[in-house]
Amino acid sequence: MAALMTNDQSCFFALALGVSFLKCLLINAYHSSDFEVHRNWLALTHSLPVPQWYYEATSEWTLDYPPLFAWFEYGLSHIAWFFDKEMLVVQNLNYASPATILFQRLSVIVADVVFFYAVKECCKCLREDKGKDLLGKPSFILTVLLLWNFGLLIVDHIHFQYNGFLFGVLLLSIARHFQNRHFEGALLFSVLFNLKHIYLYIAPAYGIYLLRCFCFTQSNADGSLQWRSFSVVRLVTLGTIVLSTFAVSFGPFIALGQLPQVLSRLFPFKRGLCHAYWAPNIWALYNIADKALSILGVKFKLLDINKLPKASMTGGLVQEFQHSVLPSVSPLATLVCTLLSILPALFRIWHRPNGARGFLCCLVICALGSFMFGWHVHEKAILMAILPLSLLAVESREEARIFLILSITGHYSLFPLLFTTQELPIKIFLMLLFTIFSLTSLKTLFRKGGALLNPLEATYLLGLIPLELICEFVYPLTVWQKTFPFLPLMLTSVYCALGVTYAFIRLYISLLTCSDSTKKIKTQ
């Protein structure tokens, strides 16, 4: 047993060191405007007093993350000072000296230690089948699916963000709930929410799960709720943990009377329904339907082209716009749609919790529901569903199938983030590497049931190959490139939206039809 543990640990550390080495090789790769965003946040938190943090507007990239992340940047800034003091000057816009690039890249790589630890803890929650070879071990497969996740690699270590650190906190929180360490799990999620407010989307899964499975200590024989088992002490303790975290994070700004200003930065609803590049969700399909109807309306003289609003949905601008034929969508409408999309999942885990596994499945549905119906969704938000789904993929054949569809489609939808020529072979190679491993390892793990994907699903995924060839190599050579430069992005978004929507529906069916006895992830 000791030798087995040693082998597993050696394998884990080898994978962690290998991916860290790869990240170091990407230090001088292309970086997006998010690089300047975080440099500016380093500068303003280091150079300005706290009351000015959420008012500073020298750069267009103003501070729009919660206060705990601002303090995270403040801590990093004191290390950045030893690399290059000039990066900490607010007025030095778009400053990117070699030392600045090195520091910011290394800060992301080092912060990923949190992610490594979380992955290791998640692997402890899996039940291993003895005697299996490496590709047949769920823990090994999960380690690779998480540590070498294609989307996380390109978003953090080429495009540039700190998602690995944040997802580390999320996965560690999930692991703690599987280990029945619910207070720690709640604390970690509360900290996470105060680091990046996008995780508000999955807060309902946490709230319902902790109330149903932790505050109510017993269930009836049929699985229904036993109301008399409610623990006021547990509820008060959870509330104290959450409120204390928010007090530490937002307290200073509440004391300064700046809460409205902070909230206006965190929730900028004046941005448009869709990002410059449409995230592959329901609104991408809605937008293309509106465009198709407007074209048909003009062709059959049902609409006056002069009265139609000018197209702004694919011009690369982040702004409000009006649809031409279909009703325009308001932030309130997206909120209602998002809530309606997750209510059945919340209802399910309230009435038939299915333990931590049901919670995790509900969490993924909340993440996907918000991605599908949310306001101004970034394409990168798909990782909030793909990474937690990895845990389910190694213990259930149906979830493995859904994971393959969602991860391949969702990861390909990130391709437009890297549009430079030198990064083209990198993203294609890393995508193929991750996809081939996912397919072969999960097929090996669930070899007894036949093919994981049916012919239609496999054909759809193979369709990404001609789509990439057209968008990357053929279309730039056509005369339409100058007239309709947005068309490849639109095709990518709409095609991927079909796959993401299908995965969302399949996951819902899996949650609503699964048996309470289907448990391979262990709770301690």
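Heads up, the Cβ atoms here are built off N, Cα and C, so glycines get one too.
A TrEMBL annotation is a machine prediction, not a hand-curated record.
The feature transmembrane segment is assigned by TrEMBL to 12-31, 95-119, 139-155, 198-215, 235-256, 325-346, 358-375, 426-446, 458-480, 486-509.
Same-chain neighbours of the transmembrane segment (458-480): 404-405, 408-409, 412, 415, 424, 428, 451, 487-488, 491-492, 495, 498-499, 502, counting only residues six or more beyond its ends whose CB sits under 8 Å from a CB of the stretch. Using a cut-off of 8 Å between Cβ atoms, the transmembrane segment (426-446) and the transmembrane segment (198-215) share fewer than three residue pairs, counting only pairs 6 or more apart in sequence. Nonlocal intrachain contacts for the transmembrane segment (95-119), taken as residues 6+ away from its ends with a CB within less than 8 angstroms of a stretch CB, comprise 16, 20, 23-24, 26-28, 31, 35-36, 38-39, 76, 79-80, 83-84, 86-87, 89, 142-143, 146-147, 156-157, 160-162, 164-165, 167-172, 175.
Here the transmembrane segment (139-155) has Cβ contacts under 8 Å with residues 8, 11-12, 15-16, 19, 22-23, 26, 115-116, 119, 122-123, 126, 128, 161, 163-164, 167, 171, 380, 382-383, 386-387, 390-391, 393-394, 407, 410-411, 414, 417-418, 427, 430-431, 433-435, 437-438, 441-442, 445 of the same chain, all six or more residues outside its ends. Recorded stretches compared: 12-31, 325-346, 358-375; the one with the most Cβ pairs under 8 Å to the transmembrane segment (198-215) is 358-375.
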